[in-house]
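**Student:** Got these off Swiss-Prot a minute ago, pasting:
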type	residues	note
BINDING	D543, D545, D547	Mg(2+) binding site
BINDING	C1017, C1092, C1099, C1102	Zn(2+) binding site
Amino acid sequence: MNTKVSRQYAKISENSIQKISLALATPEDVLEWSRGEVHRPETINYKTFKPERGGLFDELIFGPLVDYKCSVCGRKYRKSNENQLCIATKECKIRGSRILSKMARRYSMGHIALNAPILHFWFFKIDHSIIAKLLGLKVFEGNSKVPTTITKTAIENLIYYKSHIVLETGGLKSLEQNKIIDISEAGLIYKNALIEIIEFYPPGSEEHNALAESISELADVTSSKIGREYGVDYYELNEIIEEFSSARIATGALAIEYLLDKIDLRAEKAAVEAELAGVQKQIYKNKKIILKNQKRDKLYKRLQVINAFINSGQDPKMMIIRNLPVIPADLRPLVQLDGSRHSTSDCNELYRRIIIRNNRLKRWKAAHAPVIIIQNEMRMLQEAVDALIDNQKKSTNQVTTKEGRPLKSISDALTGKKGRFRQNLLGKRVDYSGRSVIVVGPKLKMHQAGLPRKMAAVLFEPWIIRNLIQEKKVGSIKMARKMIEEENPIIWPHVAKVIQNKPIILNRAPTLHRLSIQAFEPVLVRAKAIQLHPLVTAGFNADFDGDQMAVHIPISPEAIRETQELMFADKNILGPKDGEPIVNPSQDMVLGLYYLSQEKAGAKGEGSFFSTYEAMLKAYEFRSVELHARVVLPFEQVKPFIAKTMRGHLISTVGKFILNNIFPANFPFIFDDNVDELELNYPSQIKKYVLPYGTNFREYIQNLKVNEPLNKKAIAKIVRQIFDTYDGLLAKEDIATVIDQLDFGNYQNRVLLYEKLRDYKKQKLPVPHLSKLSEFTIFEYSQLYKQLQQNGPVESYRVLEDHEKAELLEKIWFKYNNMVCSILDKIKDLGFHYSTLSGTSIAISDIKMAPKKHEFIKDGENYINKLNTFYAKGLITDDERYVLAIAKWTQIKNDIQEDLNQSIKDDNQNSLVMMMKSGARGNISNFVQLAGMRGLMANNVKALKVDAENERVVRSIVEVPVKSSFLEGLTSFEFYSSTHGARKGLTDTALNTAKSGYLTRRLVDVAQNIVVVAEDCFSDFGFVVKDIIDTKTNTIIVPLLERIEGRFLNKDVYDSRGIKLASAGSMVDLQTAKKIVAAGIKKVEIRSILSCHIKNSVCKKCYGKDLATNRLVSIGEAVGIIAAQSIGEPGTQLTMRTFHTGGVANVEDITGGFTRLIELIDSHEHPWGKPAKISPYYGIITKISDLAEKNAANKGFLITIEYKTSKNEKAEHIIRIEQSQKLRVKVGDKVIPGQKLVEGPIILKELLAVSDARTLQNYLLKEIQRIYRMQGISISDKYIEIIIRQMLSKVQIIENGDSNFFIGSIVDISDYQEVNGQLISQNKNPAFGNVIVKGAKQIPLLSNSFLAAASYQETSKILVHSVISSQIDKLEGLKENIIVGHKIPAGTNSNYEPKSKFDIRNPLSFFMKNNR
């Protein structure tokens, strides 16, 4: 669709826009947009408050203030008269008054006809001046044979009338073409020109006399004090020169317009290309010519601008404004305040200045004022228009308010957080929404949220009004609205009715990842706070200390269905970051389950036998048996499914029988805290706890070891196994095929149809799923049968209506997908119930002092005294004394901790110990502060970059520890000492949160357009993975098992005996991964995102498993956004503190935190600390020698590497190492390119220069994983791979061959491959380039979409380059589609496969006759 969008843009549907292009607006375009000229600076009349005619708010130009009212005669019309002309009066006809709604004031534009040409500010100020690059003006100064390039500053002076330029020499030798005449040299230049001109005329002639007089006057002025200070009269001299010769000298936008008019773009292009070829030859001859490289880069930039104009076919003169558009009135409102005062948008003030100056210029011109006055007025007009376009970028003379605040210009309204892109296009305010404080809702089911009645009444108002009118409770909308406002009791039944099958979406800010927005079924509550299910709080990172959440309501049937199928809390059980459940019980629930699962030897009722589960419960209620007593039940009472094959009696505690009763009958029985792989360990456990008939139970139980109760980690493992067993395996369509074949006569015996179905892996359904599906189907059919019988008898052979089948399908589908959540709800209820019954409380007597504390403290004090003695004798330095003291106190605190651990080991009845051991709250570190010693405190000393580079000791820890515990009480000095650490902790957290949020934003912009778009890209280029090992500590950071699980293999995997363990092209599940690792295989080649062939996207096989669903990723999944969120969300947990490591600000401290992560992702060239030296060759370390120099500060080592050249000759390379750097190699070691020779961070560009992209990819992956794993955060490789792929997605061209690429230009790697493929197929010379690494800050700016790039940063620069090249945005990514109001090309709007999670068809469609 190539329709040009002009005044008729309102008629074009936004959904029909397929691509967007920018171009320079011509004066004719502006007139076409405009409804009239604004020629008066007034806004509104101070008496009537009505807009002034011809002013900035004129109703005739910008539209009426009142709907369908004539702005001339004031007559009112109906909506049907819209867009017609008012002909009520003669004046109406003359003025052409149009009948419009007041919405017209949001899109009707005006214009100001400028009385002088004005150069658009962006084109000479942004990105080193587009005008300067395009004109590329050069001048031959004097006798010089090398031309001088006119700088952008000189051109700016020209635009602002500070200097003049020679446009035509007229054959005068004293005037060089394009010479800028500055005030300092003007006198001499003009004098020489006039002397040259006078020779053309005979002496005594009128012209000769006039010129002689001018030369005499000029000589007098230049020699006078005034002339030296203020310069000559340019304008008079220009007129004389133009009158008596064909030379032409001018200034301002007129001069630029003349130059732009004369420029021959194609000739300029040829000249630049010829100059480039010459520079390139010189560079090839001598690679070290830096100045030539800089010259080449400047020429390329110029060529880029010239080509942009040639390819877009635009006239460069259009950069000059003749008609200035005036934006619609309601986009720059004027608001009335109290006391007849007004507040106005800054734009109005800027427009007012332009109109005043423009009108004044018009008057001066009409009055034939002196040229100098007119030129000054033109300069002021140029400055006024500049201020309107971009006031912030003006280096001087910014237009400010009385208070000195710079006015907000149109550019400022586009850029930044509060600009159009980020505030209004990417982040809009949403209708049908509200917010309130959250409180816990312990009685809610997992898919429910408590919505306050008052909020529901407002949010669902339109539906409630419809219901009230339909049921004749009110007669009009107005009455219904009043009833809702007054909270009339009549409305509440209707509120309850309308919220059925209407999900709500809850969002908690900051929205760090997709689990911060989830959907729920609303349950009305009478309070004013939203009730939240306790298990979903982890996803939202919410607590109940005053947190607020926003509520949103999906309205359309499609939105409701999408919300229910994709956003309900029961679909968000696994965290996308690592694929582990995020809904694990915590705090009270953990404490209750810990208490419930405790075992106690010799408890009341131990060894009792009960014939039924109910009998045991009754005995427990009558207190004849304790909760922790081990009792016996018949096996068939506990596990009837297994009892068919196994008989006997089962031993466990009353609590564990209660706990296991909530799990489905076919789930393994939980005996103890050994819950890893319950299915596999089940047979061995059953032998131990299932006794044959006739056994002496009491005697057997007395000899049985007491098991540990379930703690938080064990419960999390159980939740994972519940998910793996009961997560839905079928698609909705599969269940629909069964329902379609059932009727009331056969539904009980034909549920066997489920056995014929196959799950997403093409395997038979497991027994738990078959039994549950049968149970749900029989129950729902019987419920429907009873419901229909109420209206009369129902025949058994009656065929169900389509809508009845759809209703059944929805209910069965919900129950089937809710199996995991229903078990989790039971666990939650049990946890809360028994934490209450446990009676856990805290008393000061629960805190037991560390037995050997004082011995340890005494030992520490003696050690410190010795250190002080050594220091006083000069045996150690002050820094050494400090470091040793810190190390000693750290060790003492650890000793006290170990002592405390031993003392509380068997104290299971202590409430504090129970909380700690269960994982409900607190840990041993908190307990040490309570009962041992507080230990070392942080100081607010900041480690600087220079400290890291010089390995200085930074005293970021208070040397004297807090020896008291909280139980003993702190001394006043200790209390004061601990305040520093508390403040540092708070400030660090605040700073870290902001930095982490900015990191997430950058990452989202880097990867936003990466979506899974295909099944397979058929790449044969794999990625070899092995254990990621930290070479310094020799520990495994990420094991091979984690790296291959859920990924596709690129090659077959064989064990040492040659037996195939897994085939190429198959996905590695957990069992296969364990098999591969058990076989001792160290390296596996997998399919990777880093080698996927799909442009700007990824295929299913290169991505592998979707961690959030635990199955193969679906086409349409926005994996780029998920990757950015998964890396950014835990960013706040990454510590920025270095004090905990012992006070020395060395490289090791710095490399472990947030700072290093930013360095890697932004590809910093100057990282913290001394960068590591790396080997540039394959070779051997032959010598490491001391570097002895006179200056002691420069001591160090020389490492000699012996390597072979390309001619197979031996050569040596010597690398200098500073003494403070730690060596990682020794003589005789073999080294490879990119290998570290000393400790320190590697600079990414250096690594890429000596090795290849794959080495850099591995380094980045390892380093980023190391940073997160050091903090105990696990992130999947694939997310980091997506970001790394984007960082290495650009190629810098070094030879352009027969392509259209420029040497030195940066192009997308996929475009590079595509163009080269075409050239090779045509037997032409391909281009050659090097892969370059770009940081997260630069990648979004290099995007193919100017909308996405402009909404990120450097908006004006991106837009300027897009305009001059008429760049086309094909709307392929996510951001650009949101900006233009389209659905994003992902999820349910993508080309998803049938039966995938995005296939959310209307359930009726499965039963429609034409669908069969």
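Each position is counted from 1, following the chain as shown.
The backbone N, Cα and C atoms fix where each Cβ goes, glycine too.
Keep in mind that this is a model prediction, so the values were computed, not measured.
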**Student:** Sort the binding-site residues D543, D545, D547 by C-alpha distance from C1102 (Zn(2+) binding site) and give me just the closest.
**Tutor:** D543
**Student:** Where's the emptiest Cβ shell within 10 Å among the binding-site residues D543, D545, D547?
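**Tutor:** With the binding-site residues D543, D545, D547, fewest surrounding Cβ atoms within 10 Å: D545.
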**Student:** Reduced to three states, what secondary structure does DSSP give C1099 (Zn(2+) binding site)?
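**Tutor:** Strand, per DSSP.
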**Student:** Applying the rule Cβ within 8 Å of the centroid of the Cβ atoms of D543, D545, D547, what extra residues of the same chain belong around the Mg(2+) site?
**Tutor:** I438, A542, F544, G546
**Student:** Write down the Cα-Cα distance for C1099 (Zn(2+) binding site) and D545 (Mg(2+) binding site), rounded and given in Å.
**Tutor:** 44
**Student:** Where C1017 (Zn(2+) binding site) and D543 (Mg(2+) binding site) are concerned, what is their Cα separation in Å, rounded?
**Tutor:** 44
**Student:** For the binding-site residues C1017, C1092, C1099, C1102, work out the Cβ neighbour count at 10 Å and name the residue with the minimum.
**Tutor:** C1017
**Student:** Cα-Cα, whole number of Å: D543 (Mg(2+) binding site) versus C1099 (Zn(2+) binding site)?
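**Tutor:** Rounded to a whole number, the Cα-Cα distance is 38 Å.
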**Student:** Just to verify a number: CA distance, C1092 (Zn(2+) binding site) to D547 (Mg(2+) binding site), in angstrom, no decimals.
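**Tutor:** Taking the Cα atoms only, C1092 (Zn(2+) binding site) lies 43 Å from D547 (Mg(2+) binding site).
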**Student:** Reported as an integer number of Å, what is the Cα distance between D547 (Mg(2+) binding site) and C1099 (Zn(2+) binding site)?
**Tutor:** 40
**Student:** Taking the center of the Cβ atoms of C1017, C1092, C1099, C1102 at the recorded Zn(2+) site, which other residues in this chain have a Cβ no more than 8 Å from that point?
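**Tutor:** Everything else in range on the chain: A1014, D1016, S1019, R1087, I1089, S1091, H1093, I1094, V1098, K1100, K1101, Y1103.
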